[in-house]
Amino acid sequence: MDEEGTKSECAVLQEGENEENKSSVQAESRNGETENQSLSKRQRKKLLKQQKWEEERELRKQKRKERKQQRREQRQNNPEEAGEAQSFRKRPRREATPSSLRLVVDCSFDDLMLIKDVRKLHKQIQRCYAENRRAVHPVQFYLTSMGKQLKQSMDEKDKGWVNWKDINIKTEHYSDLMKKEELVYLTSDSPNVLEELDQKKAYIIGGLVDHNHHKGITFERAKELGIEHAQLPLSSFVKMNSRKVLAVNHVFEIILAYLEKGSWQEAFFTVLPQRKGAVAVDQDGANTQEKEEEDSDSDSDTTEQTAKEPKS
Ligand SMILES: C[S@@+](CC[C@H](N)C(=O)[O-])C[C@H]1O[C@@H](n2cnc3c(N)ncnc32)[C@H](O)[C@@H]1O
């Protein structure tokens with residue numbers, strides 16, 4: 001059933017229940033106990049529950065007051081701990097020196113995704129945003145070709161996105177915004193391996209959660225447009241027990257970590273989830289055993305830390 005249908009059915013059910021409630025209360029107030037007996041078992045149960053809830057109102061209020069008082073006392077007796085808890089909740093932003101490097105999430109694949117995957121992409125973008133905001137060297141963050149399902153998801157699930165700072169959200173395609181010779185498409189299918197980052201370039205990440213159903217699509221796009229392309233130097237630094245195809249936020253965070261640490265190895269180890277089984281390879285590549293498994297796009301570690309600025 002579609003959403004509208006479900007909603008209206010719920011509304012009808014709700015109305016029905018409300019009517020049932022109203023009539024049962026009215027029935028009781030008019031004729032007291034006698035009428036009450038004529039109520040259905042379900043209505044009587046509801047009525048009793050409602051009465052109990054009303055009776056306990058004061059008790060609940062009292063308990064709330066006590067808890068508040070307890071917290072106040074705790075803060076007074078142990079200000080240090082309270083301060084720590086406070087600063088943990090609100091992690092300060094670090095002193096930032098912005099990088100001139102542009103990092104673009106190309107959202108032109110919207111039509112290829114089901115809404116559930118668009119929602120995953122949305123979470124990954126929230127994570128990118130949060131990580132960039134607290135990065136030591138935040139990049140010039142772009143979302144290009146933004147619209148359709150992604151915009152719908154953002155409007156529905158996170159209205160605050162319209163107030164996001166330090167981000168360029170564009171409906172245009174990146175090729176209409178940036179010079180062709182400055183563009184580098186990051187794609188695991190490229191035969192080129194990224195060695196350094198060039199601050200003058202714009203690196204593009206495919207805004208796609210496709211469980212590898214569209215293998216090679218970004219590589220093809222880069223070739224069609226005649227722009228540079230490169231894969232991250234994963235196999236030179238880590239041996240992974242899963243695929244080389246990473247989620248958008250992982251690629252984004254690896255770039256941020258590389259800008260901070262100046263080492264790919266450190267960047268990979270900081271960002272890649274343990275379950276990928278990242279193991280360092282000897283610098284002569286002795287352990288390098290490339291095994292390109294194509295598991296589904298990681299989204300699980302984007303769930304908690306979206307735009308709230310923490311890190312998992
Ligand atoms: C989930 S992947 C999308 C995979 C998609 N089938 C494709 O052809 O790109 C999301 C994006 O992260 C980037 N990416 C993922 N793994 C990468 C790697 N090993 N090297 C460079 N970029 C990578 C690419 O830009 C990719 O489009």
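Using N, Cα and C of the backbone, Cβ positions are placed for all residues, glycine too.
Taken from TrEMBL as is:
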- 60-70: compositional bias 'Basic residues' (COMPBIAS)
- 291-302: compositional bias 'Acidic residues' (COMPBIAS)
- 89-279: domain 'SAM-dependent MTase TRM10-type' (DOMAIN)
- 1-96: region 'Disordered' (REGION)
- 279-312: region 'Disordered' (REGION)
When DSSP states are grouped into helix, strand and coil, how many residues of the compositional bias 'Basic residues' (60-70) land in each?
11 helix, 0 strand, 0 coil
So what pLDDT does the domain 'SAM-dependent MTase TRM10-type' (89-279) average out to?
93
